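Let me begin by presenting the structure, written as structure tokens, before commenting on it.
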């Protein structure tokens, strides 16, 4: 009985030790599983964090590329706009130069026309003056012949009558001479006024053209 009791005690102790070892092993396994679960969760979170970081990096890179593309597009548009503005400016300058050349040509043509008209008027005035001078000379010659004839008649007639006739003749000649001189002066003044008005008109047109 004593041996059996010892054997029973030994079996009981062995069972207890086996049970305790099994419980310890189970706790160790559960602990290891918890640690592995925490490690897995940590690795998962780390992977998620890396994924988020990578996603943020990719989004930033994409945003940077979009910004660069927009900036490049803006620069290209600015260059194109400047090129268009430069082309329009060159075209405007060419049009202005063409208009200026046309204005100068018209001005020169008008100037030549006015000068030609002025020369023609001057020739006409000179011709009229020459005619007037010829008429005056003819009248003077006629007056001299008349005076000579009257002088001859006056010598035959009374000296007083010859004197009165001579005074009348001289007065008539003076009036005629004054009339001729007045007409010549009026003609010169009229021609000068016309030429001055024409020049003023051309200068006003030139000024308006430049403005």
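Glycine too: its Cβ is placed from the backbone N, Cα and C atoms.
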Candidate ranges 1-27, 28-54; TrEMBL annotation region 'Disordered' resolves to 1-27
Expected hit for region 'Disordered' in TrEMBL across 55-78, 79-102 is 79-102
